[in-house]
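Among the features that Swiss-Prot reports, motif 'Di-lysine motif' is placed at 318-322. As annotated by Swiss-Prot, transmembrane segment applies to 12-32, 51-71, 85-105, 136-156, 168-188, 210-230, 243-263, 285-305.
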Amino acid sequence: MAASRSLVPDRLRLPLCFLGVFVCYFYYGILQEKITRGKYGEGPKQETFTFALTLVFIQCVINAMFAKILIQFFDTARVDRTRTWLYAACSVSYVGAMVSSNSALQFVNYPTQVLGKSCKPIPVMLLGVTLLKKKYPLAKYLCVLLIVAGVALFMYKPKKVVGIEEHTVGFGELLLLLSLTLDGLTGVSQDHMRAHYQTGSNHMMLNINLWSTVLLGAGILFTGELWEFLSFAERYPTIIYNILLFGLTSALGQSFIFMTVVYFGPLTCSIITTTRKFFTILASVILFANPISSMQWVGTVLVFLGLGLDAKFGKGTKKTSH
């Protein structure tokens, strides 16, 4: 880390982290919606992008390459002693979460997806209580209750709201729930690696993405999705440019998140990422005409209020066993 310290003056590090996370994931969100919910072609022969496995495969390849570069230049002294099977097991939930999240966009609009993915404290807390036997402070439960109330308001539709896109009821939300659960399992696995093997963030990023690349590579070959995607890309070559940018912004964003956690801690990182998600929803409403009702705005504010309070007051935990 000494090399990276000398590159950025202390007074500029926080603004750099904030802008890095905000810009990378803001553009990442725009690209994700453009790729997965855009219409390709003209007239009655319009097509949609349905290649979630291939999209995540390319994203994991770029993440792995980026992590390898970071290790080569900034983290050569660290020796990684983490068990290989742990990386392999973690990659299963990691891949499942990303594929489910991207697939959900075929059934729900982007604000719903972002809000759903913002509810990560819920499965993390449930898995912490059930698997790791953690005890959380009352503030944590109240914050999660606020998030649940916000999601309930956002999802509740007493009548059809004009301008809000209809989708297959329930399936997109189930995919988001699956993604959240798998995110929670990934978090538990990563905590275990850090606690028992002191795994560095760059090595974790490299190895989990390498294993994910193997799993997804087998998946896109076995299902034949790779050939369908190549045919789609031949008809609409701009998709390649968008996907490469999507993967690059994801990798850069991850590196800025790790930098924020290392230098300023998880609280600052939570505040930055929560702020970014709110403005991503706002941008989606403005840029992609995803109107949401006043009740849904109230639900959105409650969710982000709960996330902000959780970042500030809900972090204390006591482990009763491991």
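Every residue, even glycine, has its Cβ placed from backbone N, Cα and C.
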Quiz item: Between the stretches 85-105, 243-263, 285-305, which one has more Cβ pairs under 8 Å with the transmembrane segment (168-188) than any other?
Solution: 85-105
Quiz item: In the same chain, which residue numbers or ranges, 6 or more beyond the ends of the transmembrane segment (51-71), come under 8 angstroms Cβ to Cβ?
Solution: 35-36, 78, 95, 98-99, 102-103, 202-203, 205-206, 209-210, 212-213, 216-217, 219-220, 223, 225-226, 228-229, 232, 243-244, 246-248, 250-252, 254-255
Quiz item: Which one of these stretches, 210-230, 243-263, 285-305, has the most C-beta pairs shorter than 8 Å to the transmembrane segment (85-105)?
Solution: 210-230
Practice problem: Within the motif 'Di-lysine motif' (318-322) only, compute the mean pLDDT. | Solution: 40
Practice problem: Give the one range among 136-156, 243-263, 285-305 whose Cβ atoms make the most pairs under 8 Å with those of the transmembrane segment (12-32). | Solution: 243-263
Practice problem: Give residue numbers and ranges for long-range contacts of the transmembrane segment (285-305): same chain, 6 or more residues beyond its ends, CB-CB under 8 A. | Solution: 30, 33, 37, 109-111, 115, 118-119, 146-147, 149-156, 161, 163-165, 274, 277-278
